[in-house]
């Protein structure tokens, strides 16, 4: 704890502060604890910081939960460990081989050397010192008259302008290798080496008076070039005149996006630090800013504050013996750190005077370090458990899923985000319609690029950019497309084509269109701007746009109306069902139907080839297209990114039997956040066979979403089919005059809070970079009438909140 160090129970190896140790003893009866302390001995000469600190307790628990760096090189530490016996609080100093049994000594040693989320080595500790290349001293440089301009470079083979490398032998400018997230290039620099054998290349954009990034293709690693100045001068490059053009985060986050980084982080503006409850920053653990941004927004919502921090004593008292593996305990702990104000305190006056005297004007970064929270919340997710950058929207849905699965009381805080979507599908030939409903948590708005209000400026900018490329001049100042929010909202409400639509009225494939409306409005509306898309070459890219997001939003006109007079519903006739088969069997007999289905593997080969051309293994591409239901290369690409690290990623596609597909498909296609709801695809198959929707859901729930067993379950209970009535007719939902009316979709269904569709903006998350898998996230929240920027540990009053450049927006309902 904040004074007495950390107590570790020897029976469970769990850590407690002094304020909780007595409670834990009374609760469990476990009486043997290891007491850990760390003391600062002296400041290391030459280390950055203030004056020599006083000898004090290191407050291990506090340091670990806050930004204190227990492995810092600025100080020398002395660790102290004691064994404490309760209830008499008898202490035995360690090591003490003479007085302690061998088993206890071994346990203490194992605990003191055990790994934990807090003792993971810093990523920097893995970096090895670069060695001078064996080719540097005698490097041959061709006298071919090549001169490299100071900017405006592009690959000589594919015209790419990012991740470019200058070969130090012949002066060729070529692109680097392609990365799975869409960054990098086409690998022309490596191909050039294989053709010529010229070993060294320098990365353009990293050249400064202090050096540059050099890579040796022959040695297959980054190297030092002691003669880099001479080698660059051979091609007319003066190192003293060069400046770095990269921000150091990823290869593709370079000069064209510097303005985005500056605007979103409010660079160049003196920002006033904020302290106190609700103004606590979070340490970046290495590409963990997506987590920090989402959690800051989540714990600014009163329902989440009450559910976790408001129930802190009860949650801690009834936490399991291993609280590190309990979601509610970890959420409460993180929420308390953000909201208590204990880890966001302004510097003392004496510290400020000391900074002024030493001309050190560094802001005080308190904050918390969410190692344990990240370790728990990402342990079952291969992507979030890595140190790579992630999509904040995907993490938000992952968090909601965990909240749904771990109820904290009678109220589920995630209810505030949940809403119903009415989807109206119409057959273009018969004009008949079908209404369905689904649950969602995010409103995804498309970017209406065709509605840009500054098209003339964009055309002029593009002409200047091409001219600059041709003349090898620096590119012109970036012009960002300005998109009206009303155009994005209109694009959301417009009908979209349904691919491979099967019309039950025509008993054949036909053209179909689908429109989406709100069957209910949530308490808190989360709006995602769909900035990330694919180019013509199927490389992921980000749309650099400015959208005039409103402070006040009214979407009541998007309220669902249900089946209208004069509309005729599509008949409930089963479409032809193609069921995947076991190639060893070739045919599956469903006893419940007493007939056989001829089965065939249906994979869209055109989508497979598009993915294969991007460099993915062919079998992995086939699996991606198959498991995403032939919905296209874009959807299959997302499947590939999510499954790349699986051991059988590139193994041949093996189609399981029908029942196995049903159970495994539940995880692949289930609605995010509704672990108690069966996959909509399976529900649709059973409905298409003539059964009621609620009966299909009941059967799938009873059989763990196994389609074959669900059909047998229905046929073995004919009385249920006769008695079955929908628990709620979604399409006949009426507007209730009172907001916050709880609408049950069934005894076990999700709770829907409906009300007015008028909202006010209170927060947004912004992304900087060219891909969701690189760059940086920042959160802006409106608190106490003013905007505040949360940039990892830095929490300051915002002077120019960039509301037009956000990625995810948070609105709360305006009381009617």
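Every residue gets a Cβ built from N, Cα and C, even glycine.
Heads up, TrEMBL stuff is auto-annotated, nobody curated it.
Straight from TrEMBL, the features:
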- 131-239: domain 'UBP-type' (DOMAIN)
- 155, 158, 175, 188: Zn(2+) binding site (BINDING)
- 280-814: domain 'USP' (DOMAIN)
- 289: active site, nucleophile (ACT_SITE)
- 602-643: domain 'UBA' (DOMAIN)
- 677-717: domain 'UBA' (DOMAIN)
- 776: active site, proton acceptor (ACT_SITE)
Look at each of the recorded positions, 155, 158, 175, 289, and point out the one with the fewest other Cβ atoms around it within 10 Å.
158
To the nearest Å, how far is the Cα of residue 175 (Zn(2+) binding site) from the Cα of the residue listed as 'active site, nucleophile'?
29
The domain 'UBA' (602-643): DSSP-derived helix, strand, coil residue counts:
29 helix, 0 strand, 13 coil
An 8 Å radius from the center of the 155, 158, 175, 188 Cβ atoms defines the neighbourhood of the Zn(2+) site; name the other residues of that chain inside it, in order.
156, 157, 159, 160, 164, 174, 185, 186, 187, 189
Between residue 158 (Zn(2+) binding site) and the residue listed as 'active site, proton acceptor', the C-alpha gap once rounded to whole angstrom:
28
Round to the nearest Å and give the CA-to-CA distance linking residue 188 (Zn(2+) binding site) with residue 289 (active site, nucleophile).
33
Along the domain 'USP' (280-814), what average pLDDT does this model show?
78
For the residue listed as 'active site, proton acceptor' and residue 289 (active site, nucleophile), determine the Cα separation and express it in whole Å.
6
Would you count the other CB atoms within 10 A of the CB of residue 188 (Zn(2+) binding site), including those on all shown protein chains?
21
